[in-house]
Amino acid sequence: MFQRKRVPVLGILPLALAMIASVVLTNASLAFSSIQFYQVARVLTTPCVALLEYIVLGKKITIRASLTLIPVCVGVGIVSYFDTGAKASSTSRATSPLGVFFAFISLFATATYSVWIKKYHQTTGCESAQLLLNQAPMSVLVMLYIIPFSDDVTVWKTVSASTWSIILLSGVLACLLHISQFNIINRASPIASTVVGHAKTCLIIAIGWVYSGKALADGSMVGIVLAVGGIIAYSYVTAP
């Protein structure tokens, strides 16, 4: 049966700040990027997590696993090159240098958050739900101070009921996503959490391509194949 376990406020604050940085910077990246670049750039979270796991937790990966991450990095670089040079269409925006900047900064924040979840599980002895119950309220309180400086709060008055319902649904899905992320990291590893969404990555890229109306011959397709293929190869190499 679930039992609440309290973690000191100052102890949980770094994890809450890492989560906020991950969410805010990721959304900022999406605001200035195409769907394809945004999703492919997220693939770089895996090598970032691998590096931080080595630094923070002292965990190493094999040479074979390291080699599979090379096409991932090359693929994201190719997508960045072609997507920043593309013109925006009526249904999609082109990726700007600012979008690329936010994307790479958000990768570090997301990787830090993933690794810290594993570390907090070990240091606090909390289960996934217990840790999330401590971190989520702190994240909300801090965000309440950030929102007035980062968004135009006056537009809330003109938001329709249907839009509010979508926002509410998005919040529920985000909650379920966090619960699943905490469980995956606790029972497996931070890297496992980053590679478990391969099907989602492929699906989002495909939908984004159809939605944007770009031709499949676009040069960034090569980068997408390299990046996603590298991550799938990484999953195969690191499978128990």
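The count begins at 1 with the first shown residue.
Heads up, the Cβ atoms here are built off N, Cα and C, so glycines get one too.
TrEMBL has this to say about the protein:
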DOMAIN    11-235  domain 'Sugar phosphate transporter'
TRANSMEM  36-56  transmembrane segment
TRANSMEM  63-82  transmembrane segment
TRANSMEM  94-117  transmembrane segment
TRANSMEM  129-147  transmembrane segment
TRANSMEM  159-179  transmembrane segment
TRANSMEM  191-211  transmembrane segment
TRANSMEM  217-237  transmembrane segment
(request) Using Cβ atoms only, state whether the transmembrane segment (36-56) and the transmembrane segment (159-179) have three or more pairs under 8 Å that are 6 or more apart in sequence. (result) no
(request) With a Cβ cut-off under 8 Å, give me the same-chain residues at least six positions beyond the ends of the transmembrane segment (63-82) that come close to it. (result) 36-37, 40-41, 43-44, 46-47, 50, 95, 100, 218-220, 222-231, 233-234, 237-238
